[in-house]
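S.K.: Dumping the structure here so I can ask a few things about it.
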Amino acid sequence: MSVVVRHDWDHKELQALFDLPFPELLHRAASVHRAHFDPAEVQVSTLLSVKTGGCPEDCAYCPQAQRYDTGVTAQKLLETEEVVAKARQAKAAGASRFCMGAAWRSPKERDIPKVAAMIREVKAMGLETCATLGMLDAGQARALKDAGLDYYNHNLDTAPDYYDTIIHTRQYQDRLNTLEHVRDVGLKTCCGGIVGMGETRDHRIGLLLALATLPAHPDSVPINQLVQVPGTPLHGTQQLDPFEFVRMIAVARIAMPKSMVRLSAGREAMSDELQALCFLAGANSIFYGEKLLTTGNPDTERDQTLFQRLGLRPMQITVDAAEHDHPATVHAEITRSAACEHTA
């Protein structure tokens, strides 16, 4: 099956996919998935909060916002040795990528060398590295790239026309600017959003449209289901229909055929059957480990058992400490095309 990677999707096209009968949508998504990936392989990442709590933002879903009474207390940045120990445990458990998250609006200049040291140590272990630190300027993105960072996560969170319902302290354009800085230095992007925040299907389509029309599709697209934390404004929001969540995965797979589509937050509350449908619909990445920043996640034993029951296996990724010229990613294709145009 030949699948063209497009950046010119429109709202009506994505709506038509969402509106397909459920079996037909899953069939199309599974066919696209098989054209680009081994359907039995799932990329496994582990996420560690290296700086928890005290964030000045007002994201309505987030227990780390200091303005909400959620029981999360602000903590200092972890020492590099602590991070390396956690990375070693993650690798032993089967993770191929180690993600480091900090509850900052944006990192201060004094923070960058400390995070860079973490990146270098984790990368030297043979793990892919990812960081999510808030907004970056061009110089900070370059410093992280020079330290050996592979991926930078910065989510769009929701559709542009629903964004102001969820967040007031950061503009949508701020997020797009950070993604541009990250792409410009050659970092791979991890960018997705959250569903189940009271949005409509039209808003979910808007989120996928924003992602699928970026200059380069994100290399990883995390689809988070809202974890409702007492004390946050979104606690008590009506739960999303599980089949609607699967539709979100399926349309993401069709619209961004070469991206990793990740089951992210909210997986702890998902049944094994729901997760199996998501894998069938094109999800091929998960966060592995018992905690995602401050919220729960299935324990590794449950995930290993689920993989065995479904005949799935962790994706094997070889990482060299030295940088490759053109890693096999969506962004690399954009980079190559730009280089060819520049030299033509």
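Placed from the backbone N, Cα and C atoms, the Cβ positions cover glycine too.
Computed from a predicted structure; not experimentally measured.
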S.K.: Have a look through Cys99, Cys278 and flag the one Swiss-Prot assigns to the [2Fe-2S] cluster site that Cys130, Cys190, Arg262 belong to.
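M.R.: [2Fe-2S] cluster site check in Swiss-Prot: besides Cys130, Cys190, Arg262, the record includes Cys99 out of Cys99, Cys278.
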S.K.: Give me the CA-CA distance between Cys130 ([2Fe-2S] cluster binding site) and Cys55 ([4Fe-4S] cluster binding site), in Å, as a whole number.
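M.R.: Distance (Cα to Cα, whole Å): 20 Å.
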S.K.: Enumerate same-chain residues with a sequence separation of six or more from Cys55 ([4Fe-4S] cluster binding site) and a Cβ-Cβ distance below 8 A; give 'none' if the list is empty.
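M.R.: In sequence order, the residues whose Cβ lies under 8 Å from that of Cys55 ([4Fe-4S] cluster binding site) (at least 6 apart) are Cys62, Gln64, Ala65, Gln66, Ala103, Trp104, Arg105.
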S.K.: Whole-number Å only: compute the distance from the Cα of Cys99 ([2Fe-2S] cluster binding site) to the Cα of Cys59 ([4Fe-4S] cluster binding site).
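M.R.: The separation of the Cα atoms works out to 21 Å.
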S.K.: Between Arg262 ([2Fe-2S] cluster binding site) and Cys59 ([4Fe-4S] cluster binding site), what is the CA-CA distance rounded to a whole number of Å?
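M.R.: The Cα atom of Arg262 ([2Fe-2S] cluster binding site) is 21 Å away from the Cα atom of Cys59 ([4Fe-4S] cluster binding site).
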S.K.: Let's check the environment of Cys62 ([4Fe-4S] cluster binding site): how many other CB atoms sit within 10 Å of its CB?
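M.R.: Here the count is 25.
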